[in-house]
Amino acid sequence: MPTEIPHDSVGLVSPQTLRFDTPLTLACGRSLDHYELVIETYGTLNADASNAVLICHALSGHHHVAGYHSMEDRKPGWWDSAVGPGKAIDTNRFFVVALNNLGGCHGSSGPNSLNPATGKPYGPDFPIVTVVDWVHSQARLADKLGIYQWAAVVGGSLGGMQALQWSITYPDRIRHCIVIAAAPKLSTQNIAFNEVARQAISKDPQFHNGHYYEHNQVPKTGLMLARMVGHITYLSEDGMREKFGRELRSGKINFDFNPQFQIESYLQYQGEQFSTAFDANTYLLMTKALDYFDPAADFDNNLTLALSQAQCQFFIASFTTDWRFSPERSREIVDALIDAGKDVCYTEIEAAHGHDAFLIPIPRYMEVFSAYMKRVHTGGGQ
Amino acid sequence: MRADLEIIREWIQPNSRLLDLGCGEGELLEYLIKEKQVKGYGIEINPDNITSCIEKGVNVIEKDIDKGLVSIRDGSFDTVVMSHALQTMHRPDLIVEEMLRIGKECIVTFPNFAHWRVRSYLSARGKMPVSKFLSYTWYNTPNIHFFTFKDFEELCVERNIHILDRTVVDHEHRHRWWIHLWPNMLGEIAIYRITR
């Protein structure tokens, strides 16, 4: 709870809901006739609407990126460290737009919202949306806000994949593409981890094939397990050892099956928290969107050819101990961009935090990110 | 204006693709983007230099050149430059081979360890030379391979590398007529333009 709002915070913010009534045809072949997107904006759109920055969220993110909803909030938005006055994405310069993606569970149309056709929650009947679908919906959001071209589209992890997709799908509507801790597609191992998470959820007796809302139940155990396995992939081995080691909660081994090591109770706590705040169907959908992401697939599996569509400049960043989307994966993007003759800057940040590092204000990370955003602001580059 | 940039500029075609290995703060790229409208990329390992390049609006890739350049396609650059970095590489010969694979032409500059001041320092004091220009001591120097113009040209002969141009200058990259009387003794920096 902030006793007072920090000077470099966007302050108290409130989300708004925008309604869209033009049918959106999705990659799966189905279409959404009506949908809603919840957004937050920070800063001011300039007269020629040239200073807008779109922030795309990752698997469990949402529209509340920065600032506080009330003075009672325990924590600010999920990327408050990078968004605010004087921060890397400087709200004195940029008009920042953040949304909850379609299929999300924080207010935008998704499995837990009412299906107008039935009057009941969509549940598993909500179409599986893809990164491309999200990008199309975000383009419509831009239209509604009077923004033709984003100064930058920014994202980490799955958010970075959306930024990358923007550069290919709407080349003339994006000037800078900022892709942090992402990959050009998931590895087999990534998909394997996602499948463990999905199995944990769908095998939970309270899942009811996704119709748990009607039973007033939540597949809490499954969601918790899914988050726990996910969380392991977000941390690095070194980071985990540094933070928890083999510390025992009570100082001694108890010879029972209750959590005794600190890491056990930490994971359980994370899973527990998550399972009360997140929707299981959304989790399934988000992991599928990740698995399906593969922009090169439409271009003969040639990433260079896919990125040849782009007209923007790129900033790519990775973190040394990230093994979920390792630096090698970012380098695949960089190599393809150089091959395609696109403007690109790439940095590999030394960090112990694993994949989670993209959310942490590591000094060097914030320094290069700020330097690049200054370039976005001044319009510099080759 | 750094004098070596002026010299290198002469060898760069307008609108060509340029790769600068060990680009430092990106001065050469910034200059050639402005003067020759090149499509340029720099590769650099020092974090502060990366930030400087980004501030200059230069494309920079954080990478350890010693770990290889295999991901860059054969002949995908018109010119590959390595300025004052070859002596810091683990295997300079392999780097030169890689440069020639990636680039149609390469430009290499390096300090001449056979300059008379270096020779006299070593022979008179019996110690590894330390000067304003080579300011490190033997144990902390990033310059792990010392070589001379003659050494480099021998390598070129051995590996069938064709020398298109050679310029020898003093430590401020200035031309001096007398250097050409005995380059390997009087020249401090060599700038080579090579190809396969």
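For all residues, glycine too, the Cβ spot is worked out from N, Cα and C.
Keep in mind it's a predicted model, so treat the numbers as computed, not measured.
Straight from TrEMBL, the features:
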ACT_SITE  A:SER157  active site, nucleophile
ACT_SITE  A:ASP322  active site
ACT_SITE  A:HIS355  active site
BINDING   A:ARG227, A:ASP356  substrate binding site
DOMAIN    A:51-335  domain 'AB hydrolase-1'
SITE      A:ARG324  site 'Important for acyl-CoA specificity'
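Structure coloured by features recorded in TrEMBL.
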residue  : record                                    : Cβ within 10 Å
A:SER157 : active site, nucleophile                  : 27
A:ARG227 : substrate binding site                    : 25
A:ASP322 : active site                               : 29
A:ARG324 : site 'Important for acyl-CoA specificity' : 23
A:HIS355 : active site                               : 26
A:ASP356 : substrate binding site                    : 21
DSSP three-state call for A:ARG324 (site 'Important for acyl-CoA specificity'): helix, strand or coil?
coil
Determine, to the nearest whole angstrom, how far the Cα atom of A:HIS355 (active site) is from the Cα atom of A:ARG324 (site 'Important for acyl-CoA specificity').
6
Measuring CA to CA, name the entry from the recorded positions A:SER157, A:ARG227, A:ASP356 that ends up nearest A:ASP322 (active site).
A:ASP356
Distance check, please: Cα of A:ASP356 (substrate binding site) against Cα of the residue listed as 'active site, nucleophile', rounded to an integer number of angstrom.
9
C-alpha of A:ARG227 (substrate binding site) to C-alpha of A:ARG324 (site 'Important for acyl-CoA specificity'): distance in Å?
14
Over the domain 'AB hydrolase-1' (A:51-335), what is the model's average pLDDT?
96
Separation of alpha carbons, A:ARG324 (site 'Important for acyl-CoA specificity') and the residue listed as 'active site, nucleophile' (Å):
9
